[in-house]
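Here is what TrEMBL records for this protein:
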type     : residues  : note
DOMAIN   : B:10-211  : domain 'ABC transmembrane type-1'
TRANSMEM : B:12-36   : transmembrane segment
TRANSMEM : B:48-69   : transmembrane segment
TRANSMEM : B:89-107  : transmembrane segment
TRANSMEM : B:133-157 : transmembrane segment
TRANSMEM : B:196-218 : transmembrane segment
């Protein structure tokens with residue numbers, strides 16, 4: 001994956017310093033962190049709204065900010081599409097004039113065609129409406145379309161779903177997936193929602209208190225996204241066969257067979273699965289006469305305990321990492337230690353991404 | 001219904017008030033913009049200065065205008081020499097007095113609407129490739145229009161009814177500086193003037209109502225159903 005965006009900045013957000021360096025390529029890079037970690041400030045620095053104290057920001061060889069040369073491009077010269085938490089549609093303009101604003105006011109030349117964006121985001125019937133008459137989900141779709149039609153070299157999305165309720169989110173997510181898969185646009189997606197990151201992200205940049213604490217492919221970083229109930233891991237697998245009689249699809253995950261509820265994917269399709277830590281149990285020996293279908297040989301690569309009754313085990317299965325959540329007492333009674341070989345019993349897995357690229 | 005001289009009075013009043021507002025509006029907008037968007041040393045002083053015509057007696061404002069903008073005043077001399085513009089005992093002086101008195105009423109609604117404008121919209125517009133000036137004319141100004149209009153109507157009503165500063169500064173000269181208010185005042189001083197005064201009073205009431213109704217209608221149109 002070629003790097004498109006290069007960011008290395010130092011600055012100040014209120015009272016705490018921000019010092020972040022990362023790169024992002026094509027596809028979706030999720031900028032993940034708790035509220036107040038400095039995610040929005042970082043986006044503002046990239047967009048040219050907030051000036052970093054020092055550092056460098058560039059999209060390929062187009063330098064947007066460089067403190068050593070005194071380069072600081074204004075936002076209108078950065079070719080960065082910005083989708084805000086609140087859609088920020090221009091209330092005095094129709095949906096159509098909002099969508100085409102970058103063309104008639106910003107003098108931006110066409111990238112994606114107007115008709116394609118309207119079709120991609122399902123905006124056909126909304127064009128003559130006033131923004132005030134749109135639902136929250138429709139507004140956010142128009143905002144995304146408006147940013148796309150500015151022919152951006154990079155799209156920034158600042159928690160675009162956070163102001164929407166659950167069903168509206170489910171309405172927008174497919175559009176975002178289509179956007180990711182059909183345009184080759186690099187997207188920097190700010191979120192603190194694990195679900196969104198699992199579905200959308202190719203790469204993850206983890207931000208904590210203004211510092212980048214980890215970055216890399218989603219599968220590698222995902223297991224580090226906090227220790228909440230939704231903690232888990234992403235693994236990729238390839239469809240090998242489907243069993244129509246029992247309604248199962250077989251996958252190959254790093255050389256191990258794996259079965260999930262039947263999906264309409266052909267053999268050879270690459271899928272990404274999300275396995276929650278609480279759905280994984282551990283056995284010392286290969287259990288027999290057990291209903292769990294997916295029992296994978298695994299090696300313990302790390303044990304993380306916190307104040308609660310639980311601990312999280314990082315497990316290596318054929319080169320990929322999954323996480324198991326056990327009680328500390330179980331871990332103690334089984335005398336589990338780093339480096340030991342065990343069996344991981346996976347009770348459930350969900351497919352978060354259909355077809356994977358590459 | 002109105003005689004020739006009465007029509008002349010009405011037209012003169014409208015001209016004085018319109019010229020006063022049209023000339024004062026851009027200055028008031030700039031002041032409102034500065035007060036809304038910037039903080040600087042002496043801001044409250046500027047604010048107090050703008051509010052002065054509202055709080056000091058109009059006669060005092062008229063007197064100060066006479067001192068500064070009269071034939072021998074510093075500013076009066078300057079305008080006369082540089083632009084060939086004379087204020088003393090001319091309708092232009094009446095317009096100046098009306099504009100000064102209306103100024104605080106122009107600034108206030110504009111300042112409020114500038115302050116309540118969501119600056120995030122300007123940020124969004126710039127991210128879409130529009131420079132500062134284009135953003136101002138395509139996003140900022142259209143969204144401020146209802147506020148500007150509200151200020152203009154309020155100021156126009158004030159300018160139309162201005163009395164104290166006008167009569168002190170440019171006196172009460174029929175055909176030159178005698179606006180509606182001054183004419184009504186003069187007519188009420190003469191024993192046979194009641195009927196004529198009543199006609200002018202009705203006219204001034206009608207003009208005010210038309211102005212307010214028109215501005216409400218325009219504001220609704222401009223805001224396009226927004227609240």
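For all residues, glycine too, the Cβ spot is worked out from N, Cα and C.
Model, not experiment: these values are computed from the prediction.
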Can you find at least 3 Cβ pairs under 8 Å between the transmembrane segment (B:133-157) and the transmembrane segment (B:12-36), where each pair is 6 or more residues apart in sequence? yes
Long-range environment of the transmembrane segment (B:48-69) - Cβ separation under 8 angstroms, sequence gap at least 6: 31, 35, 75-76, 79, 87-88, 93, 96-97, 100-101, 103-105, 107, 162-169
Sort out the residues at least 6 away from either end of the transmembrane segment (B:12-36), same chain, that have Cβ-Cβ distances under 8 Å to it, and list them. 43, 46-47, 50, 91-92, 94-96, 98-100, 102-103, 106-108, 110-111, 114-115, 148, 151-152, 155-156, 159-160, 175, 178-181, 204, 207
